[in-house]
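Contents: one structure, followed by commentary.
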Amino acid sequence: MSVSIGTLLLFLLPFAMLGLAKSQDVRLRTGSISFSNHDTSAQQGQQGGAAAGDSSTVASRSASISEPTSSLDPLAYRSAEAWGLAPLLRLYVVQYSPEGGSGSSSGSSSSTGADASPPAAGLLVSAVSAAGGSVLSYVPDSSLLVVALPEAAAAVQRDTGAVMVELGSEHRLAPECAPLLMASAAEIQQGGSSLSSSSSSSSRLVPWLQQQKRRLLGETVTGSRKPQQVHEQQSNEVMHSPVLVPDLQQCTKGEVKQVRLQPVDENEEGSGSGAASGSGSASRRLVATAAGSSLNDGSSSSAQEVARRALLRRMRQLPLADEREVPAALAGAAEHAARRRQMAASDATAAVPPPQYELLVELLPVSAVTAEAVAAAEADWPGAMSAAFEAATGAPVGTCMPLVSAVRGFAGQAMVVEQQSEGDAGGAVAGARLRVFVCEQHLSAALDWLSSQPVVRWVSPRMTHTHRNARASILTQSGSLTAAEYADPVGDGSSGAEAARRPYWAAGLDGTGEILGSGDTGVDLDNCYLSDPRYDSGAVAGQLVNVTETWTSSNGNGTVWWRPDDRVWRPSDHRKLVQYYLPAGCVYGDNPAQGTAGHGTHTAGSMVGALLALQLAPGYNGSVLSGAAGEAAAYGPTVLDAGSGAAPRAKLSVVDISLPLVRGDPEAGLQTPEPVDDVYLRLHYEVGARVTSDSWGTDINIYEETAQAYDAFLWRNPDSIAFIAAGNNGSDALTPGGSIGTPATAKNIVAVGATYRVPAELGIGPQVLEVRGSTPGTDGSTPTEVLRLSVYPMENPDLPQLLNIIPLGSQVPLVVADPPDACTPLTNPAAEVRGAVVLAVRGECWFYQKVLHVRAAGGGAVIFVNNVPEMMDSPPAPVYPNSNYYAAKMATSVISQGLGQWLLGNASAGVELSLANTVKNAGSDTVAFFSSYGPMADGRIKPDIVTPGVLITSAGAKGGITGGACSPAQANLSGTSMATPHAAGHTALVRQYLRTGFYPTGSPADAAAAPFTPSGMLLKAALIAGAKSLQGGLAMALGIPMGPPPDAYQGWGRLSLPDTLPLPGLTPAGFSLQVADRGQFTASGQQAALTGITATGKGPISIVLTWYDYPADVNSPTQLVNDLDLTVGLGGGRDGSPPQSLMGNNPEGALRPAPDRVNNVERVYITHPSPGAALTITVTAHSLPSRLLSGPDALLPQRWAVAVVGHFSGTLASELNPAYVRQGQLGTRGDSGGGGMQQATSSPPPSPSPPSPHPPSPAARLPPAPKKAAPRPRPKGAGKKKRNAGAAKSPAPPPPAKIQA
């Protein structure tokens, strides 16, 4: 018997949805804000006769509003003229009533008080604006974050009855900072802790920090990394790197044997080099290889240090010990480094300056924080912070003087918010950002000081970003993969074999005219899959030129971006590249010797890789071809092989973001140009890339500034779609909130998980450990098996491995230690423990003590249950104190807290557990064990889709771009890094399908062909609508079958072109696609109805609504801002079936359907629609809180798109549907058989020109900058970019559907 995904989701969802219940409190990630404690009526009654203009009187009217502070750090704000009123601003949270409210402009006490309703949204926003305040962001439910002067906030409260609660410094610190707020070893050695020396800091860091402190002081916290599952080139952080997967073997059949492990000899300590294989030993002691493994597992001091170290390993560093390590793009870094080295040279005890760690400080995004203020912060804050550090630690700062550097644009222009009109306080998703670098011993004091500054909105640790196919293309294009196709993915080369394996390529959908964007470790241009015979790849480095273009910020903050230290090569007609962009400080090329693992070349090849026939022709020596010969070669025949990419005729925009390899690190880090939304993603957008693929991120499962930046970019640019690898932490099972890593946590992107790509009929799969549970039989009857669950313990590689000591096809008892923590001798019956694997809870004592107690009881191995949600950063090492010698040669490992608690719960309920060594059958419907899972902490569905990502063959980097004859090198890698470019490449085919007239019938020659340029929202909707259900397939991380989508592992299913795009000869007759693209809402309550299609009854119908949502506040526990609803009315069928009303994201047949208030994707799936049933698709704007916010982004309408795939007839009768518009041109609308809502007449979307086989590199013009109050001086040509001739422009979208308010 196996456990179902649904059963385990019942275990996870209470955690995922924790704290989302509606109440009077406003819930933030940093804690709850209670409005019930703030009664304004008494204060207002006492001050009723005060003059409205008396600021001292107004400020005293509310206990919620504090007086302007007089305790500003004089060193920080000594440039008073530069700062102006900014330090007097305060950040408030205020509730509103979406339905109205009792607030009024009269300010009467009858409308105020703790029991009064909040004011109406419109009244509140108007009052804030009139008082000179700014509405920054929305926090569910019905709350706003507002910036205003205290007297302005008091006026708003008086005039509307709103309760304005000021956010203290504890609500400006990201919860991830908690480990850094503890005293470090370095601070202890200096004789003090910043927390202990600042009593005010600890008292005000409530409630979240107090909870974090209790957890950290009572339990060990570490990071999440599984060394045995990641690529051999490890880094200090789990990212979307390629992962090692077990070799596929023939599946285990028949009953497993019951065995017991050989108990570990009590007289043997350690085993030597043979331990990893479970063999004997040549030495008495085994020396541990893991540094720091002697930490006490139970003491509070080691717990906080472990947690701190885990976070420090993930954070960005500024080494600065060598001139070559100074980041060129970091303003002031060179001078800072020179000053530190000079100071170190004069100090014999500090010859090498210690590294400094980066904190991101976001200032209030309002116009009061000017460029002059940012410059003052850069100049004055280091000195002010140094004084605070010395006061906190009692030691001089020395070489650890902090660096404060702003993210800047042209000529050093700070990224500040500018007024859009007279009196406008400004507002934006993000304002000025400061990169602050401090030494380890000063981190807690720095966080305390920074969060206390009134101009600071948010402080967070900066995390390092590092990395996260022919058989796969068969599976995605044909929908299935046979054993014969798996063995021979190419076939005999005939057109018939090609059409059967890759029907969309055979139809001409090969990516021609499409451009994809990717940021990665660069590209090996010597590789034949990516090289062009007309270019000498060895000379490309010399053709990289400094960037001269400038461009205006898209978020309305007035910044003009210019990156003169970056270099770029934009070839006029390279067959694969439209751009190779190298940011300052990054390393050109993709050289595995530099710690890249060939990652960028592999992902690029997965998207667009293609071998040219010429490159493999006998006698070709790699010489550069020109003229007609070069043209014929570059766009001539290609050779299909196992490494061919998904879109072999598409092109790439490459941003090489690989950092120099730091000495001692095996893997290079990645760093995108910043800001991500306004620079990195715009670099791709500028050259025409509308599909981007990013296989990098962090393993931190939160919504932070990078995820927010992706959402902001897509909110502004709905014609784009972004794919991001979900992460490779799937084996950290049953972790509440899932294991998706940021920025795949963003709402608007497509997070991609990984599946196997082998046919199930082969009966092969990975060798895994499987927990089996049974209940004892009654009266001697056979025990009943009640569960089977695959587990992937993080094992110590120095010690015996479980898969080696448990024979294949056998199982051993799995028993729970008594006591559970194994800190004292076990009291289990000797016969129970002898030769068994013992499950023990982590904490309270040393690992070696636990292991010795298990060994003394006769146990054969120990698996620790982690005692905190975050997985350990490294496997447990049972070594003696203050040594690196292991206490015993015993298999030692750890599993996640969620999985361990679930197993402990079953054991306490009487289930007898065992651990088996078996081989699980892995088919094409199997999600890989490493693929990160959801749902997100707020309940959102992630990943969005899955695609093949196990042992993917693609282009391989050989190292060093030299030119000459190209290299046909290939590499086989696994990971969600490999699945993501596969999804992006095939989405380019979907975009080409829609753009070149295959829509709606699958034939561009059809008179009804309606070519149009789709939005990214529509592409996302189409992919999800056509995603193939993996019901019945295995989620290999648990080894259990999945149910119907969506779920935490498959998301909405596996990307499948034949279930999305009608194609004659492939898809069944009557299979259809209909769309409505670029709908717009501007007010809550608006509605659009789409009619005109009728079910045929021959198969299912899938209707998907997607919208790019406004970016959420990083302190909000729930990320959805604008909420749309999808409902589908299904009329009565010819078989007499009654009409139905179906609501998005509810199971079919739900007795009490409820609207989804979490996701920005909604689907209605009808498995068996009655023939003749007419469909009415209604999209409703339930609420649009973004319309209440300040700034240009908030003025944009809420755009949306709908895709319908399945078995139906007719045409969606909407001007949003190009097929319907085309019918109007042809005069055939009467043939559609459908009615529809009244539409505004419009011209059809223009058809793009037929793409040439090798289109010139397009460079789309940016939208004009918002009007600014005062123009800034710019260089000649600033704000304008040079365009290539023939640049492609996206057709104008059709007008929105007529909406019903």
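Placed from the backbone N, Cα and C atoms, the Cβ positions cover glycine too.
Those TrEMBL annotations? Automatic predictions, nothing curated.
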98-120, 190-212, 1133-1155 - the one TrEMBL records as region 'Disordered': 1133-1155
Fewest Cβ neighbours within 10 Å, where candidates are the active-site residues ASP520, HIS599, SER977: ASP520
Reported mean pLDDT - the domain 'Peptidase S8/S53' (511-1006): 91
Inter-residue Cα distance where the pair is ASP520 (active site, charge relay system) and SER977 (active site, charge relay system), in Å: 10
C-alpha spacing of HIS599 (active site, charge relay system) relative to ASP520 (active site, charge relay system), in angstrom: 7
The domain 'PA' (812-902): DSSP-derived helix, strand, coil residue counts: 20 helix, 23 strand, 48 coil
The region 'Disordered' (1133-1155), counted residue by residue under DSSP: helix, strand, coil: 0 helix, 4 strand, 19 coil
